[in-house]
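Asks: Structure incoming, see below.
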Amino acid sequence: MEAKRVIFSPTHFCTVLILTLYFLVDSPSNADLSFDFYAASCPTAEFMVRNIVSSASSTDPTIPGKLLRLLFHDCFVEGCDASVLLQGNGTERSDPANTSLGGFSVIDSAKRVLEIFCPATVSCADIIALAARDAVEFVKFSLMLFFGSSTSVPLSLCLLILVDF
């Protein structure tokens with residue numbers, strides 16, 4: 001018996017991406033995470049990752065979505081452990097569900113820069129999380145530039161994007 005393969009159309013993908021970004025940007029967080037976790041050990045870590053994500057997103061507008069998807073595929077398999085970055089047979093990256101993942105070059109660039117300035121300090125899992133956070137922020141900022149300072153995305157934006165597909 002052959003397994004059925006579910007294929008999302010660009011319209012479905014766009015809708016899911018927009019809704020995910022909307023709820024991530026506007027949802028309050030009560031986690032015991034710290035914004036300044038690397039303040040003592042690598043004070044410029046978040047700044048460096050943000051600049052790399054911003055630069056990559058300016059060059060390739062698909063990067064924010066790729067980074068968010070990369071975080072999803074890493075965290076929702078066996079926890080946020082950056083195992084999706086490992087290459088080789090039997091790894092998450094070689095899994096058929098992950099063959100279309102992207103954004104690895106952004107994570108690799110951030111890791112290279114961070115290893116120069118703060119060797120063996122910032123984990124790959126944290127880099128993925130920081131990059132995804134900054135990617136969502138980049139998209140939110142781009143939407144604010146387009147629509148003004150309102151934090152709510154009008155339904156007409158969704159319709160415009162869906163019509164383009």
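From the backbone N, Cα and C atoms, a Cβ is placed for every residue, glycine too.
Annotations in TrEMBL come from automatic prediction, not curation.
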Asks: Consult TrEMBL and report which candidate among CYS42, CYS75 shares a disulfide bond with CYS118.
Replies: CYS42
Asks: Of the listed cysteines CYS80, CYS124, which one does TrEMBL record as disulfide-linked to CYS75?
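Replies: When TrEMBL is consulted, CYS75 turns out to be bridged to CYS80.
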Asks: Tell me, what is the mean pLDDT of the domain 'Plant heme peroxidase family profile' (32-155)?
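Replies: The predicted confidence over the domain 'Plant heme peroxidase family profile' (32-155), as a mean pLDDT, is 86.
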Asks: Express the distance between the Cα positions of ASP81 (Ca(2+) binding site) and ARG69 (site 'Transition state stabilizer') as a whole number of Å.
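Replies: Pair distance, Cα basis, whole Å: 15 Å.
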Asks: In sequence order, which same-chain residues at least six apart have a C-beta under 8 angstroms from ASP74 (Ca(2+) binding site)?
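Replies: Same-chain residues close to ASP74 (Ca(2+) binding site) (Cβ under 8 Å, separated by 6 or more) are CYS80, ASP81, ALA82, SER83, VAL84, LEU85, GLU92, ALA125, ILE128.
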Asks: For ASP81 (Ca(2+) binding site), list the number of other Cβ atoms lying within 10 Å of its Cβ atom.
Replies: 16
Asks: How big is the Cα-to-Cα gap, in Å, between CYS75 (disulfide bond) and CYS42 (disulfide bond)?
Replies: 24
